[in-house]
Amino acid sequence: MSSNEAYHKNVEPGAGGDGPSGSSGSNGGAAGGSHSNQLHHQQILNETTYLKPAAKQAYFSDEKVLIPEDDHTSMGFSFRKLWAFTGPGFLMSIAYLDPGNIESDLQSGAAAKYKILWVLLWATVLGLLMQRLAARLGVVTGLHLAEMCYRQYKRLPRWILWIMIEIAIIGSDMQEVIGTAIAIYLLSNKAVPLWGGVLITIVDTFTFLFLDKYGLRKLEFLFGFLITIMAVTFGYEYIVSAPNQVEVLEGMFVPWCSDCNSNVLLQAVGVVGAVIMPHNLYLHSALVKSRDIDRRQPKKVSEANFYFFIEASVALFVSFIINLFVVSVFAHGMYGKTNKDVLDICTNKSMYADALVSFVDHQNGTAIIDADLYKGGLFLGCTFGAVAMYIWGVGILAAGQSSTMTGTYAGQFSMEGFLNLQWPRWCRVLVTRCIAIIPTFCLAMFSQMEDLTNMNDILNAVMSLQLPFAAIPTIAFTSCAAIMGEFVNGLGNKIVSICLTIVVIAVNLYFVIVQVENMQIEGGLLALVCIFAILYILFNLYLVIHMAACMGNQRLMNSRWVQRFVLPSQNSFSIKNANSTYASDVTLVVGESATNKTVKGLETVSEKVPN
């Protein structure tokens with residue numbers, strides 16, 4: 001008996017998610033039938049198998065959105081159904097709009113004008129393809145990516161994966177909290193220091209996160225409202241600055257960069273690293289579980305995949321437009337400008353004193369602007385008036401606040417899945433926030449504005465290193481027939497996803513290598529970096545071997561070494577045991593009215609799975 005099998009037999013009765021009425025599959029009340037049912041429930045693996053029934057998960061613990069039946073459009077498109085599926089994709093898209101991305105946008109515009117807009121476009125498309133795979137995993141199996149990793153990897157690699165993803169979340173959260181603190185610093189006219197802005201971010205993030213107690217759809221509406229604020233504020237800056245539309249379109253659709261130096265190339269690589277975030281795959285695969293999908297019917301699963309893909313496409317299109325606004329504003333206004341040029345513009349303006357401190361000229365009027373979020377706000381204020389600066393601050397505040405909340409959800413899903421936590425929800429929220437907030441607070445307390453804003457490239461490099469630890473498991477699981485059944489990736493999907501992932505990872509690793517070289521590491525620290533690089537490559541090789549075995553490589557699957565150290569036990573997960581509980585003893589939100597109702601007594605597929 002494997003350790004995994006032994007562990008399953010210790011699961012509490014009824015923890016399979018079917019509720020107390022789940023034993024109705026027997027014809028009578030005989031003890032033998034009840035015992036058989038009990039054992040059967042213990043073997044059914046779903047997202048609550050290892051969690052106590054009282055434990056509540058994040059975001060969708062108390063309610064799920066009911067998908068309306070529409071017989072008239074059963075063979076076509078239904079806007080009612082699209083509306084019911086709308087939500088998870090927009091929450092996912094917020095990671096494409098966090099302050100780290102906004103800063104990368106303005107830096108690329110200032111350094112390369114419109115020349116690398118096409119990189120932003122295709123990076124968003126690549127992100128959509130990866131998000132599609134993550135969403136399909138959650139829809140088809142009823143398990144999000146971290147929960148699947150818990151079942152498909154051995155203990156040590158599972159812990160390493162969790163640590164790496166947690167590092168990515170911390171790096172992203174530092175960008176988000178610092179961006180929010182800078183926005184508060186701007187909006188308060190420097191009355192609130194940076195460390196005070198960090199504290200405010202902590203408090204209001206906790207406040208907003210508990211809004212889901214008032215309804216899942218209301219929480220999703222809040223995120224939609226924050227995205228709207230970003231679109232309006234950055235769109236205002238775009239209209240006021242009035243960039244050349246022909247040059248914008250040319251930069252988007254002509255994949256070329258003439259006369260581009262190494263700095264522009266580095267900015268292009270940084271755009272890719274900022275857009276495609278590893279923890280976002282874990283987040284999206286969990287968010288889709290908030291919809292009540294009848295997994296007993298392949299048609300319903302296929303329908304869910306279709307509508308989730310449309311919703312994610314629309315959401316990422318909106319995020320691309322917002323990013324486009326930011327790049328174009330600073331490409332038009334800041335490209336080729338020196339610090340002296342900005343100081344000349346700021347003369348006789350209320351923010352001139354701040355500009356003197358930020359736009360320091362040490363090269364006799366030839367120093368090109370080193371752009372960041374704070375300098376971007378000052379530049380807009382000097383060029384278009386104080387209103388433009390404050391509107392910029394509002395947009396950054398919305399970006400930072402929304403991304404810190406989704407980052408917290410990503411941290412909760414990661415801990416719940418990888419570690420099988422059974423803590424109360426408030427405790428998980430507190431721990432995940434403290435892990436990310438404490439380093440950020442210390443940094444804001446003991447650093448200057450210049451130190452904070454210059455960390456963006458380092459944090460992007462850290463997150464770039466973690467991308468394989470999300471991309472490889474996602475491709476592996478969605479390419480495994482035992483996990484995905486008839487929804488497994490086809491040969492074309494496998495080839496495209498693997499090739500694109502290799503390209504993105506290679507680009508990100510180049511970015512990391514350049515950052516390490518710029519840090520001029522020597523001696524013992526350099527030796528540690530080399531040791532880490534070797535271990536990093538070996539662990540990626542381990543994940544690739546696991547992925548190849550999942551895809552059906554018979555030589556690896558039959559290898560005794562691979563079976564012992566790489567592959568899970570045979571009963572770790574099977575598509576026939578996917579969580580297919582449909583509208584059973586859960587609170588549902590119905591359509592636009594968001595009225596709650598409880599549907600009980602509906603049968604589950606677990607009662608129909610043969611022993």
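Even glycines carry a Cβ here, placed using N, Cα and C.
According to TrEMBL, the region 'Disordered' annotation covers 1-37. Per TrEMBL, the feature compositional bias 'Basic and acidic residues' maps to 1-11. If you look up TrEMBL, you'll see 14-32 marked as compositional bias 'Gly residues'. Positions annotated as transmembrane segment by TrEMBL: 82-97, 117-139, 159-186, 192-211, 223-244, 264-283, 304-331, 378-399, 430-449, 469-488, 495-513, 525-545.
Sequence-distant contacts of the transmembrane segment (264-283), counting only residues of its own chain at least 6 positions beyond either end whose CB sits under 8 Å from a CB of the stretch, comprise 91-92, 95-96, 100-101, 104-105, 107-108, 111-112, 115-116, 119-120, 123-124, 126-127, 130-131, 133-134, 144-146, 165, 168-169, 172, 257, 406-407, 409-411, 413-414, 417, 457, 460-461, 463-464, 466-467, 469-471, 474, 504, 507-508, 510-511, 514. Counting Cβ pairs under 8 Å to the transmembrane segment (159-186), the stretch among 82-97, 378-399, 469-488, 495-513 with the most such contacts is 378-399.
Cβ atoms under 8 Å from those of the transmembrane segment (192-211) belong to residues 177-178, 180-185, 218-219, 222, 400-401, 404-405, 408-409, 429, 433, 437, 440-441, 444-445, 447, 449, 452 of the same chain, restricted to positions at least 6 beyond its ends. Sequence-distant contacts of the transmembrane segment (430-449) (same chain, six or more residues past either end, CB-CB distance under 8 Å): 166, 169-170, 173-174, 177-178, 181-182, 185, 194-195, 197-199, 202, 205-206, 358, 374, 407-408, 411-412, 415, 423, 455. Against the transmembrane segment (469-488), stretch 117-139 shows more Cβ pairs under 8 Å than any other of 82-97, 117-139, 495-513. Per-stretch counts of Cβ pairs under 8 Å to the transmembrane segment (82-97) identify 304-331 as the leading one among 304-331, 495-513, 525-545. Counting same-chain residues at least six beyond the ends of the transmembrane segment (117-139), those with a Cβ under 8 angstroms from any Cβ of the stretch are 88-89, 92, 96, 105, 108, 145, 148, 248, 251-255, 268, 271-272, 275-276, 280-282, 284-289, 293, 301, 304-305, 308-309, 312-313, 316, 319-320, 323-324, 327-328, 471, 474-475, 477-478, 483-484, 487, 489, 496-497, 500-501, 504. Sequence-distant contacts of the transmembrane segment (495-513), counting only residues of its own chain at least 6 positions beyond either end whose CB sits under 8 Å from a CB of the stretch, comprise 126, 129-130, 133, 266, 269-270, 272-273, 276, 460-461, 464-465, 467-468, 471-472, 475, 489.
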